[in-house]
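Novice: This is the structure, below, for whatever I ask next.
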Amino acid sequence: MRKLTLAFAAASLLFTLNSAVVARASTPQPLWVGTNVAQLAEQAPIHWVSVAQIENSLLGRPPMAVGFDIDDTVLFSSPGFWRGQKTFSPGSEDYLKNPQFWEKMNNGWDEFSMPKEVARQLIAMHVKRGDSIWFVTGRSQTKTETVSKTLQDDFLIPAANMNPVIFAGDKPGQNTKTQWLQAKQIKVFYGDSDNDITAAREAGARGIRVLRAANSSYKPLPMAGALGEEVIVNSEY
């Protein structure tokens, strides 16, 4: 009789525990979690700057050479890269090593790229200062390219300020942009990647981070501000 009582008690306990687990699992998560002012006001403790503050920091300085990365810095170019992957290497990054992709990307596919608003503001500010504008990209070089004209047209850059795009390419273990920033004596360089910031520093330039859009095809997203650099507010678009 004692054994039957113990067995019944154990079965009852097991049923109770299982019921609790099932109840917890089937309980829906709150649809509206809510927030508060403290959470809304919370910002990552990094060096945020605005375009106006950058302009103010350059007051009194003579015209200089300034540089911009292209993809995710001045252009949201994911549509072209997305199409390239689907066309040349579905499911892999091998298309980035395919010269056929770069021929397409550098000769027309930027017609599908969207100019970023932060780039419009920055370039307009530097043109007003009389600065020389350079674009230094990690894209592979091709025999012909229409990127320079696309950028000049998109951002209304006068011929006197515009320079041909520099295709630095990508080499493992080497920051290919550094030598170009040095050669062109670029004093300020804007980019979305860690390599852009380190290239600027290696070249003795001021590296300023532009935020990469969350829906960029280039993942993972970099940790902006992790290198102690200036990061432009609202620069993801």
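Note that Cβ sites are derived from N, Cα and C of the backbone, with glycine treated the same way.
Quick caveat, the model's predicted, so the values are computed rather than measured.
Features from Swiss-Prot:
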- Asp69: active site, nucleophile (ACT_SITE)
- Asp71: active site, proton donor (ACT_SITE)
- Asp69, Asp71, Asp192: Mg(2+) binding site (BINDING)
- Thr137, Gly138, Lys177: substrate binding site (BINDING)
- 1-25: signal peptide (SIGNAL)
Novice: Cα within 10 Å of Gly138 (substrate binding site) is the criterion; apply it to the recorded positions Asp69, Asp71, Asp192 and give the hits in sequence order.
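Specialist: Hits: Asp69, Asp71.
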Novice: Are there residues of the same chain, six or more positions away from Asp69 (active site, nucleophile), whose CB falls under 8 angstroms from its CB, and which are they?
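Specialist: Once residues fewer than 6 apart are set aside, Asp69 (active site, nucleophile) is near Phe135, Val136, Thr137, Gly138, Lys177, Phe189, Tyr190, Gly191, Asp192, Ser193, Asp196, Val210.
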Novice: What are the non-local neighbours of Asp71 (active site, proton donor), defined as same-chain residues 6+ apart in sequence with CB under 8 A from its CB?
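Specialist: Same-chain residues close to Asp71 (active site, proton donor) (Cβ under 8 Å, separated by 6 or more) are Ser77, Phe81, Thr137, Gly138, Arg139, Asp192, Tyr218.
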Novice: Can you give me the residues near the recorded substrate site, meaning same chain, not Thr137, Gly138, Lys177 themselves, Cβ no more than 8 Å from the center of the site's Cβ atoms?
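Specialist: Here the non-site neighbours turn out to be Asp69, Ile70, Val136, Arg139, Ile166, Phe167, Ala168, Gly169, Asp170, Thr176, Asn195, Asp196.
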Novice: If you count Cβ atoms within 10 Å of the Cβ of Lys177 (substrate binding site), leaving out that atom itself, what do you get?
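Specialist: That number is 28.
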Novice: Using the centroid of the Cβ atoms of Asp69, Asp71, Asp192 as reference, list every other same-chain residue with Cβ within 8 Å of it (recorded Mg(2+) site), in sequence order.
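Specialist: These residues sit around the Mg(2+) site: Ile70, Asp72, Thr73, Val74, Thr137, Gly138, Gly191, Ser193, Asp196, Val210, Arg212.
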Novice: What is the number of other Cβ atoms found within 10 Å of the Cβ of Gly138 (substrate binding site)?
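Specialist: By my count, 21.
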